[in-house]
Each structure stands twice: as C-alpha cells, then as structure tokens.
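**Student:** Below is the structure I would like to discuss, written out as structure tokens.
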Amino acid sequence: MKVKNICCIGAGYVGSPTMAVVAKQCPYIKITIVDINESRIAAWNSTDLNKLPVFEPGLDGIVKEVRGRNLFFSTNVDKAIDEADMIFISVNTPTKTYGKGKGMAADLKYIELCARQIAKVAKQDKIVVEKSTLPVRTASAIKSILDNTGNGVQFQILSNPEFLAEGTAVQDLLKPDRVLIGGDTSSKEGELAMKALVDIYANWISKERILTTNVWSSELSKLTANAFLAQRVSSINAMSEICEKTGADVKEVSKAIGMDSRIGPKFLNASVGFGGSCFQKDILNLVYIAKSYGLNEVADYWEQVILMNEHQKNRFSDNIVSTLYNTVSGKKITFLGWAFKKDTNDTRESAAIKVADNLLNEQAQVSVYDPKVPEERIYTDLDYLNTRSSDENKSLLTINNDPYKACKDSHAIAILTEWDEFKNYDWKSIYKNMQKPAFVFDGRGLLNKEELKEIGFIYYNIGTGN
Ligand SMILES: NC(=O)C1=CN([C@@H]2O[C@H](COP(=O)(O)OP(=O)(O)OC[C@H]3O[C@@H](n4cnc5c(N)ncnc54)[C@H](O)[C@@H]3O)[C@@H](O)[C@H]2O)C=CC1
Ligand SMILES: O=C(O)[C@H]1O[C@H](OP(=O)(O)OP(=O)(O)OC[C@H]2O[C@@H](n3ccc(=O)[nH]c3=O)[C@H](O)[C@@H]2O)[C@H](O)[C@@H](O)[C@@H]1O
C-alpha cells in the first residue's frame, strides 16, 4: 500500500516539524496537521514566518516551501481523519496532575480522545501511528477503543516514537540516527502497515537506519532512550559537585572519559540541570510503570536521576544566595536565558524556572533576558508553580528585551541557557554598569572564565573550584 494522504493530530513541537519534513521529502503525499488549538493553527498559517509557534533553525524555510503545496494546517479534525490513509497521533502526554498516578504516570486522556474521534469518523481502513511518547502497552488500549467503538473498519496500530531534540529538530529529522517502527509482527496486515511507513521514511533515510520491532519494544525503547540520556546528564552533574570540592575540573573529566569509545563524548556537559518537556515526564512514567509491576528497586534506581536533577537546580540557587553574603533580598539578579536549552523558544521544565522561584522566595529582584522566549511565557511558567500570586511575580521579576539593560545595576548575572550570543557580549561594558563586586554564575560553563576574571568579575562555574 502506498500512503497518499496523512493526517497528523497535534501541531506541536513534534507533529509540525516532523510532518513538514515528511512533506518536503515526499511531495506526492498530502499531509494535513490538525489541532484543537485554533490560535496555534492560525499561527502556523501566518504569512509572517517569524510568527510560527515553534522556533527551530531551518523550519521556517521548509514551511515556506511546502505549506499550501502538500502541507496544510487546519482545525477541521474530522475531515482530515476521514480523508487520511494514515493518521499520526502527536498530542501531548503530560504527567498526570490528578487521581491515581498523580505526579508520575502519563496522562493519556488526549490520546484516548484522539482514538475515540478516529473510531467515530473513520469509514475506511486506517493505519494509526503513535508518534507521541507513550507508556509501554498503550497500543493495546488504543486498539481496544478503535475496535470496540469504530464502524467495523480495520485499524493497524504502529508505534513510531520520535527522537528529535529541540533546537536541532530539522537536522535530526533529515538525518536521524535511526527511525523506529513497532507493529504487529505476527500478522500479514501488521507487516504491511509497517512496510507502508517504512516506505515513507525510505524516501530519504537508508533502510539500514529504519528499525522494525514488535510494538512493545518500540514503545519501551523511547522511554529507555530518554532515561539513558537524562541519566548521563545527572551522572556528570553529580561529578560536577565532587569536582567543585576537590579542585578537579568537570570539563577535563568529561573530555577524559568521553575519549573512551565505550562512553563516548556526547551529553557530558555539566549544567544547572536538564529541562525540556520530556526527560522528567518520561522517567517519572518509567518509575510509575516499574512500581506498578512491583519492581521497586528498578523504580528507585531511575527516580534518583530526577532527584539529582532537582538537587543540581537547588544547589545553583543556594550558591548564589550564600555567595552574595547570605542575602539576595532586594538585590537585582539578572538571568541570561530562560529557555531549557539554546535555539528553542520552549521553556517547559526549564531549570531557569526553579532557580528563579528559589531566588524570588529569598526576595531577590530577578531580571530576565532571553532572545526567543516571549514575556507572557515567562510569567505563565512562574504562575504555574503557584508559589505566589501573579501580581507578586510581576512585581519581583522583570523582563527586558535588551540584555545590557537587563544587566544594568545588577549584583549578579546567572547564565541559565547556553545561547551563543552571550559569548559575544561586551562584558567590559556590562561589568562597568553593575554593582560591585560583580558576580557571574555560569550554569552552562559557557563563558571564558579567564577573560571575565581579568575584567574584574567574580566568576563561578558549575564543576570547577575557584
Ligand atoms: N517536544 C519534543 O521535543 C518531543 C516530544 N515528544 C513527544 O511527542 C508528544 C507531543 O509533544 P509536543 O509536540 O512537544 O507537544 P505540544 O504540547 O507542543 O503539542 C501537542 C498538541 O496537541 C494538541 N492536541 C491535544 N489533544 C488534541 C486533540 N484531541 N485533537 C487535536 N489536537 C490535540 C494540543 O493542542 C497541542 O497543540 C508528546 O508525547 C511528547 O512526549 C517526543 C519527542 C520529542
Ligand atoms: O523526547 C524528547 O522530548 C526528546 O528529549 C531530548 O531532547 P530535548 O529535550 O529536546 O533536548 P536535549 O538536547 O536532550 O536536552 C535536554 C536537556 O538536557 C540538558 N543537557 C543536555 C546535554 C548535556 O550534556 N547537558 C545538559 O545539561 C539540556 O540543556 C536540556 O536542558 C532527547 O535528546 C531527544 O532524543 C528526545 O526526542
């Protein structure tokens, strides 16, 4: 079967870049991305490419090329489902905030709504692809809903988790390390459905990189990959604290261990803590799954990755307070960066949020500059914590579109995101306009320590003694 019409439910950070790249590489497939969020769809349809809801290097060019050709954004979910041969579900699967599994399990209500809607609308056989990250065995729940509430048509469920990282999404999609497709390997229909999806990717990805497995292995591999990646960050962050106490330098340690080909050099940058919408959520989900099978030691093992990450964020803000003579009350502290990593406007679970909250508890005046994150997003992130009223957050935290103004008169600068532009600032002029002594707390090991010290800054880096 050759797929000619795709519907993708969910126009977020995954659905839209992924489908834009599929549309670019497969001009013969008509793709409609649908979402219930009208303003998000309107923004994807905006003629001003700077207004696209997701900032990703290279994405605007691709959207310009394919939008209106074979890629469409719409709120008409039923129509797109009806017309499609293959439907990708790429909706959010956040941590549950209520009921059983609160704070740990994945909330699958959006997934279930999609399944019920597909079942209601579909009048011909469809292949349904799980693109969202899901707990292992979710495919059986989706299948049960589709088979029991559908119109008697046949559904094949595939798992096709996404491994793109934000900030490099386009490159990751064009040249993935691998594509993973899980399906029903025991039936002819299952094999055919998998082949239909393999054939789409094979338009630009070599067959050796397209891996097919049973559906449970595919679902679990996604959670496993994120757990391993996050574990590496927590591991190097744990070493960073030992480095600070012993005079070792975490960058040198990373380099030394990374040259061992069994360890490898990537993902060994010590930081203020990992953020992003998925690492924490997916590990919590894994911990919940382990606990639900009574595997308490397994659950505790993975939970430690999150606990270490919390510790890293707290110890960063604690260090700011203790270094500034044990009080930051009324002192201006400037945050350079709010996004959870560079080259994205995404702030979900960004370390900056927790660090800001801790400092605001100490009555600091926090001033924020981020090149891509809009002002209202920053306040929404803080308000979501419910630590203090929205008015209080607004009075304690200010946002500035000019980094030099953001830094003026501050006692300390904290680097929360590794945006490249921070390296090229005129640090002499920033120093001149700050309170003295002027401190820099580099949560990303981004700046040139010697240069800053030469200017007069007192400079703290994660993972090096002073
Ligand atoms: N953000 C990332 O880098 C990655 C995310 N993932 C996974 O992909 C999934 C989606 O993540 P994001 O794109 O970041 O989420 P997102 O929150 O940016 O986008 C999800 C979209 O789905 C829409 N939606 C929810 N229910 C709907 C429904 N019933 N009908 C139509 N639209 C609906 C929402 O309005 C939202 O716009 C999650 O499971 C996530 O774990 C996987 C790999 C990378
Ligand atoms: O499922 C997902 O959502 C995605 O999660 C991560 O991608 P992402 O969160 O976009 O970004 P990463 O580059 O993995 O960074 C995550 C966090 O770890 C931090 N990090 C990363 C690497 C490192 O060495 N040190 C470090 O602190 C980053 O600053 C960031 O806050 C994975 O890398 C993707 O493969 C996966 O698809």
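Each residue, glycine too, has its Cβ placed from N, Cα and C.
Summarising the annotation, TrEMBL assigns NAD(+) binding site to 10-15, ASP35, ARG40, 91-95, 132-133, GLU166, 278-281, ARG348. Per TrEMBL, active site, nucleophile is recorded for CYS278. According to TrEMBL, the feature domain 'UDP-glucose/GDP-mannose dehydrogenase C-terminal' maps to 334-449.
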**Student:** Quick one: average pLDDT across the domain 'UDP-glucose/GDP-mannose dehydrogenase C-terminal' (334-449), no decimals.
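**Tutor:** Averaged over the domain 'UDP-glucose/GDP-mannose dehydrogenase C-terminal' (334-449), the predicted model reaches a pLDDT of 97.
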**Student:** Rounded to the nearest Å, what's the C-alpha distance separating TYR13 (NAD(+) binding site) and CYS278 (active site, nucleophile)? Just drop the number here, would you?
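**Tutor:** TYR13 (NAD(+) binding site) to CYS278 (active site, nucleophile), Cα-Cα distance: 12 Å.
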**Student:** Going through the binding-site residues TYR13, ASP35, ASN92, GLN280 in sequence order, which have a CB under 6 Å from an atom of ligand 2?
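**Tutor:** Passing the 6 Å Cβ check against ligand 2: none.
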**Student:** Taking every protein chain in this structure into account, which of the binding-site residues ASN92, GLN280 has the most other Cβ atoms within 10 Å of its Cβ?
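**Tutor:** Top count of Cβ atoms within 10 Å goes to GLN280.
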**Student:** Is it possible to get the count of other C-beta atoms within 10 angstroms of the C-beta of THR95 (NAD(+) binding site)?
**Tutor:** 19
**Student:** For the recorded positions TYR13, ASP35, ASN92, CYS278, GLN280, which sit with their CB under 6 angstroms from an atom of ligand 1?
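**Tutor:** The recorded positions passing the 6 Å Cβ test are TYR13, ASP35, ASN92, CYS278.
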**Student:** With DSSP as the reference, give the number of residues of the domain 'UDP-glucose/GDP-mannose dehydrogenase C-terminal' (334-449) in helix, strand and coil.
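**Tutor:** When I sort the residues of the domain 'UDP-glucose/GDP-mannose dehydrogenase C-terminal' (334-449) into the three classes, I find 46 helix, 19 strand, 51 coil.
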**Student:** DSSP three-state call for TYR13 (NAD(+) binding site): helix, strand or coil?
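**Tutor:** Looking at the DSSP assignment, TYR13 (NAD(+) binding site) belongs to neither helix nor strand, so coil.
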**Student:** Rounded to a whole number, how many Å is the Cα of ASN92 (NAD(+) binding site) away from the Cα of CYS278 (active site, nucleophile)?
**Tutor:** 10
**Student:** Three states by DSSP: which one describes the residue listed as 'active site, nucleophile'?
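**Tutor:** Assignment for the residue listed as 'active site, nucleophile' reads coil.
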**Student:** Taking the Cβ of ASP35 (NAD(+) binding site) as the reference point, list residues of the same chain whose Cβ is under 8 angstroms away and which are at least six residues distant in sequence.
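**Tutor:** Correct list: ILE9, GLY10, ALA11, GLY12, GLY15, ILE41, PHE73, THR75.
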**Student:** Do you know offhand how many angstrom separate THR95 (NAD(+) binding site) and the residue listed as 'active site, nucleophile' by C-alpha?
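**Tutor:** A Cα-Cα distance of 10 Å.
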**Student:** Neighbour count, 10 Å Cβ-Cβ cut-off, for GLY10 (NAD(+) binding site): what number do you get?
**Tutor:** 26
**Student:** Inside 10 Å of the Cβ of TYR13 (NAD(+) binding site), count up the other Cβ atoms and send me the figure.
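**Tutor:** Summing over all protein chains shown, TYR13 (NAD(+) binding site) has 25 other Cβ atoms within 10 Å.
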